[in-house]
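Over in TrEMBL, the protein carries these features:
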| type | residues | note |
| --- | --- | --- |
| DOMAIN | A:235-265 | domain '4Fe-4S ferredoxin-type' |
| DOMAIN | A:308-337 | domain '4Fe-4S ferredoxin-type' |
| TRANSMEM | A:6-23 | transmembrane segment |
| TRANSMEM | A:69-88 | transmembrane segment |
| TRANSMEM | A:94-114 | transmembrane segment |
| TRANSMEM | A:135-154 | transmembrane segment |
| TRANSMEM | A:160-180 | transmembrane segment |
Amino acid sequence: MMFDWLTPTLIAVLLVLAGIGAVRRMNLWRAGQADKVDLIAGLMAMPKRYLHDLHHVVERDKYISRTHVATGGGFVLAMLLVVFVHLFGVDSKVLAWLLLAALVMMFYGAVFVFKRRLNPPSRLSKGPWMRLPKSLLTFSITFFVLTLPAAGVLPEGFGGGLLTVVLSFCILASLVEMLFGMTWGGPMKHAFAGALHLAFHRRPERFGGGRSTGLKAAVLGETSHGVAKPTDFKWNQLLGFDACVQCGRCEAVCPAFAAGQPLNPKKLIQDMVVGFAGGTDEKYAGSPYPNVEVGNAKGGPDQIITDGLIHPDTLWSCTTCRACVEECPMMIEHVDAIVDMRRFLTLEKGDTPNKGAQVLENIIATDNPNGFSPSSRTHWAADQNLNLMKDVQQADVLFWVSDGAFDMRSQRILRAFVKLLKAANVDVAILGDEELDSGDVARRLGDDATFQNLAKRNLAILSQYRFKTIVTTDPHAFHCLRNEYADFDSDLNALASVEVLHHTTFLNRLVQEGRLQLDTFKGGKVTYHDPCYLGRYNGEYDAPRELLASLGIDVAEMERSGYRSRCCGGGGGAPITDIPGERRIADMRMEDVVSTGAELVAVGCQQCTAMLEGVVEPRPVVKDIAEILAGQLIEEAH
Amino acid sequence: MQPSVNVVSLVSVGRHPQSDRSRRADQDARAVELGLKLAGKNLTLVHAGDPENPVLRQYAGMGLDAFTVLRQKSYSDVLPIIGNFLTENNAHVVLMGIRAESGESSGMLPYLLAEKLGWPLLSRVADILHVENGKADVLLALPRGQRRAVTVSLPFIATVDNAAKDARQSAYGPGIRASITVLDAEQTADNMAASWAISPAKPRAKRMKVVKAKNAADRFKAATAKPVGGGGNVLKQGTPAEKAQAIFDLLLEEKVIR
Ligand code: SF4
Ligand code: SF4
């Protein structure tokens, strides 16, 4: 019968075409900038990264994780065996039976893929993705039938002419999807690009349970800054964009998307693909940027992204909350890409929207975002009797006050924390007027020049004094000090042997050491809001909860808490650039709070406090954990 | 506007009111903004002073590829070299802030320049609408948001009011890449200024303003309006000769001239 030559020929031709596609695709990625990656080690680590790290994320949706193991695992095994059995014609019953088993597994998985696609949630892309389950089923059934003779179940040359025609068509259809589509831009591309993305990831530290959240430093003084065109990205960032499976998990958690601001992280990544591959977004079949029509975006590898591919408002809507990154099964780095593009807008175009320009100018001229006199930075502590590092030169703990020093609401948090430090007899000092803005806002607004300048000056000041620990009540400063300053500290080693802590972590230690006497809290139901820069950026989910538990509080958790916490809307300079949407992110977060029935929401961040307190009353009370603790402090009579 | 019109913005090193740190001076930056509106990239940006001062890059970061510095030591009288530069380079429109934020900050430079060059001076300009056929249509800023439209023939000097358009954001990249042409001009030492002892000014105590307003609108007006002198006349009617006579009479009456 004709399969004797048809099947192997089809397989061979499509494998060759897939090979050509793979080379073409790799050349698209290679148009990006060089980045140092250990290619061999990456490839070696890839299977483990896939099985462990990627699956760890996929596992959050049990249905799809099982489905994917069966389908993906079945397909990879089946494809390998197909090559031996049907291309090379290896005559082995064992192989044939193995192949049958793999195909059954794949078929089983594909049925569940099919079921999910019967009534898909809005976050999933449609279009070619709706075709995929059918292709998977076709592949598994077709090759199952084809393999039966080799397994000795059916005689060679069974079936009639009609079956032959039908099967030939099915072979072609399924191989086009599974092999050709893999490297020429079909849905199966995710397997090819995804595997390489895992191998050559720009943040290999993320694998094996690690965390890598600090932004990479911009190189200053070149002919351009930040990412203007797709080819300005690192090559492995481009590769990462290509790995997207359009599962829309990022879309489902994005606060800006939910608020109706013109941002959808999934669409953003797809637009990046349109950019470096060239073309338009008309084939995109997922949810659009809210209130922006799909089909008008055009891009090319060497075209300015914000000229026609992405509107700057899309980039400025992001709160850098990292929810999308945390949720992405392909471990794509949306925030890196967004800030890279913001850098171009701020450093090259001078186009930071709304209050952005003013804030940056203030930071440059006064080292704080509101342009207050630098000599008024310590006014809040006039009655606090705090040591200045300048006077004492050393202390156990350096309290990093942050710009909350200028804000009356934040000062209440600062005072509460100082009260606790004093009660526990901690040897503490502050920098006073020598402290500068941490640079967090400047960096998130794309002004890495100002960030780096502040980082270096802060480090120079820190290097003059001796202390073992830095504690701060501001998670943003915490993140900068802990994760981002190291890039600029190689000469001074100001922070090399210093432990940087958030105040909740530090207070939790004091409580556990029995250095704070606290009364039980009797004020009703309490919930806790995880600040993005404490939780997702630094992995601290436990200390705040343990502190609340130490007051006898049984936290009424919100549906979105811990690593899935929803942003308050205050990060990434979003309140400064203030891109209009349909709702306010803070209002949505307050609705989350209200739905727990809590009367009090505990936070660990002055910015979150400001955002949540900005929600119109009546609403639950907002307090920093330091304030709650200070209220329950049993002070010894002296 | 015709490319043959040379627009020059003169800038100084400003000083931030809260931090005392050097910065792009607010009014000078508005002069650059207005200059960019008139001449785009052809605007000539000029500073007399130290070419190494990084603040100058903040002006260039508004969108200029190059700027010129007339090198001067501190305590030099910049009047002669700026005057020479403007005539040698055939400037038509010269824009600058009303007064500097540092140094003497007397606000005299535009007047002295105008006198030296014999050019008209327009003080407190809100906008320059267009420059055509050797003439410019200019809006002057008056208190309470009022404007006065005047036409002036080129060349002229204008100081830019706070009512003019805000300066755009300065971008870091273009700023550090801009090329500087340093001209080593002659130095005229200002010995008088060098001998002064300079100390920080104390804010003068403010006279309490008693507002006898009956409604919110009046209170708002009282709080926001620039003070206007009570006396005086706005002469809208009459021939130029009559207007000149009125001014002359006033000067006599005030004993400015005898
Ligand atoms: S970026 Fe990640 S989370 Fe978002 S759609 Fe793509 S694969 Fe899914
Ligand atoms: S970081 Fe947050 S706001 Fe930005 S795209 Fe991701 S989920 Fe949306």
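Glycine is treated like the rest: Cβ placed from N, Cα and C.
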Next item on the list: Count up the helix, strand and coil residues in the domain '4Fe-4S ferredoxin-type' (A:308-337) according to DSSP, in that order.
Entry: 14 helix, 0 strand, 16 coil
Next item on the list: Give residue numbers and ranges for long-range contacts of the domain '4Fe-4S ferredoxin-type' (A:308-337): same chain, 6 or more residues beyond its ends, CB-CB under 8 A.
Entry: 53-54, 57-58, 60, 190, 194, 197-198, 201-203, 206, 213, 215-216, 227, 233, 237, 240-241, 243-245, 247, 249-256, 261-263, 265, 268-269, 271-272, 274-275, 289, 292, 297-299, 345, 351-353, 356, 444, 532, 536-537, 563-567, 569-574, 577, 579, 581, 585
Item checked: Arithmetic mean of per-residue pLDDT over the domain '4Fe-4S ferredoxin-type' (A:308-337) -> 96
Margin query: I'm a bit unsure how to read this: which one of A:6-23, A:69-88, A:94-114 has the highest number of Cβ pairs shorter than 8 Å with the transmembrane segment (A:160-180)?
Written below: A:6-23
Next item on the list: Give the residue counts of the domain '4Fe-4S ferredoxin-type' (A:235-265) per reduced DSSP state, in the order helix, strand, coil.
Entry: 18 helix, 0 strand, 13 coil
Check: When you scan the chain for residues with a C-beta under 8 Å from the transmembrane segment (A:6-23), skipping those not six or more beyond its ends, what do you find?
Finding: 82-83, 86-87, 89, 146, 168, 171-172, 175-176, 179-180, 182-184, 192
